[in-house]
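Annotation comment: Swiss-Prot describes LEU77, MET78, VAL79, ARG85, GLN86, GLY87, ILE88, ALA89, THR90 as acetyl-CoA 1 binding site. The acetyl-CoA 2 binding site annotation in Swiss-Prot covers 230-232, 237-243, 269-274, and the record cites sequence analysis as its basis. The annotation compositional bias 'Basic and acidic residues' is assigned in Swiss-Prot to 297-312. For 8-136, the entry in Swiss-Prot reads domain 'N-acetyltransferase 1', with the evidence type sequence analysis. Positions annotated as domain 'N-acetyltransferase 2' by Swiss-Prot: 149-301. For 292-312, the entry in Swiss-Prot reads region 'Disordered'.
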Amino acid sequence: MNPVVTGPIIRLSADDRDHIADLVRACTEHDGVSPLNESGWFGLQGLTASHTHWIARDGKQVVGYAQADAREHTVQLMVAPPARRQGIATTLAKAAWQLHPAMWWSFGDCPGARELATQLGLREVRKLLKMSLPMPADQPHDAHLPEGLRLDHFRDDDLDQLVAVNHAAFVHHPEQGAMTAEDARNRMAQDWFDPAGLLVARDEAGTLVGFHWTKVADEDGRPRGEVYVLGVDPDFEGKGVGRALLDAGILHMRELGVEAIDLYVEGANERVVHMYERAGFSVVSTDVGYAPAKPARHQDHGRQSSPQERDA
């Protein structure tokens with residue numbers, strides 16, 4: 001096999017997107033985890049302007065793909081299972097880093113990814129934990145907001161407040177904290193979005209002070225829930241708002257019949273990890289971020305999110 005790498009590509013053709021989507025499915029079936037997170041899917045679909053792409057082809061067959069997100073400073077890449085260990089991932093990684101020195105995601109912490117990281121002289125800089133909560137039908141969850149706050153559902157005129165609270169809650173989070181109103185609308189345009197599942201906490205004046213954006217999607221005909229984003233205005237942190245919103249979302253998703261609820265959280269965020277553990281969640285897998293041992297001076301290696309840290 002003598003693949004040819006094409007790139008950087010600013011805008012993918014429809015055929016390219018279809019072939020890469022087929023590659024994603026093949027890698028997911030083989031590895032048990034998708035090589036792209038939600039942000040990566042948005043980039044593949046052309047819903048963002050910050051992604052650059054590289055494609056490895058053997059003849060007409062797509063055997064590898066990489067994308068770099070200039071806004072999040074991250075790289076995601078994949079190689080078709082039959083084409084692995086032939087230098088394709090190394091070539092794609094080096095091509096992407098020449099343009100965007102970045103952190104590279106390894107979803108599921110696959111052994112092959114660890115080997116490649118070592119070969120390229122990369123170090124582990126982040127761990128993103130996937131936690132899960134089984135949903136027995138008799139599991140009680142009550143939501144009790146602090147005095148002066150009330151639980152409500154998102155309204156269209158809440159969008160600016162939602163974005164502002166999200167930014168404040170994730171101010172040290174270049175990915176989640178950078179969510180714009182347009183980003184939020186893109187997420188709300190997805191098939192799974194249900195306005196009833198975007199729960200908010202308001203003060204007595206009606207101001208939004210926190211939110212729990214839940215997600216329910218079918219997996220092989222079985223509904224599965226997710227704590228998609230949980231954010232609280234910093235002025236209300238430590239008052240039980242995050243836990244109350246978490247419980248309200250769990251109750252909402254339980255009523256929809258989900259079999260389990262998942263979430264993603266930074267491994268370094270011990271306070272929030274402990275909150276989720278107290279609610280019954282446990283770690284089921286780990287995503288790892290790798291970066292050059294000597295990061296580029298302009299690169300921000302602060303706390304970032306993947307497909308997104310869901311924080312409280």
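Along the chain as shown, residues are numbered 1 onward.
Positions of Cβ are set from backbone N, Cα and C atoms, glycine also.
Within 10 Å of the C-beta of GLN86 (acetyl-CoA 1 binding site) we count 17 further C-beta atoms, all protein chains included. Around GLY242 (acetyl-CoA 2 binding site), a 10 Å sphere centred on its CB holds 23 further CB atoms from the protein chains shown.
Annotation for the binding-site residues THR90, ASN269: lowest Cβ count within 10 Å of the residue's own Cβ, THR90.
The two recorded residues, GLY242 (acetyl-CoA 2 binding site) and THR90 (acetyl-CoA 1 binding site), have Cα atoms 42 Å apart.
Neighbour counts of Cβ atoms within 10 Å were taken for the binding-site residues VAL79, ILE88, LEU230, VAL232, VAL273; the minimum is at VAL273.
Put simply, of the binding-site residues LEU77, GLN86, ILE88, THR90, the one whose Cα is nearest the Cα of VAL273 (acetyl-CoA 2 binding site) is LEU77. When Cβ neighbours within 10 Å are tallied across all protein chains shown, the highest count among the binding-site residues GLY238, GLY240 belongs to GLY240. According to DSSP, THR90 (acetyl-CoA 1 binding site) is assigned to a helical segment. GLY238 (acetyl-CoA 2 binding site) falls within neither a helix nor a strand when secondary structure is assigned with DSSP, and so counts as coil.
For the domain 'N-acetyltransferase 1' (8-136), residue counts in helix, strand and coil come to 49 helix, 42 strand, 38 coil, using DSSP. Cα of THR90 (acetyl-CoA 1 binding site) to Cα of ASN269 (acetyl-CoA 2 binding site): a distance of 31 Å.
ILE88 (acetyl-CoA 1 binding site) is 38 Å away from LEU230 (acetyl-CoA 2 binding site) when you measure Cα to Cα.
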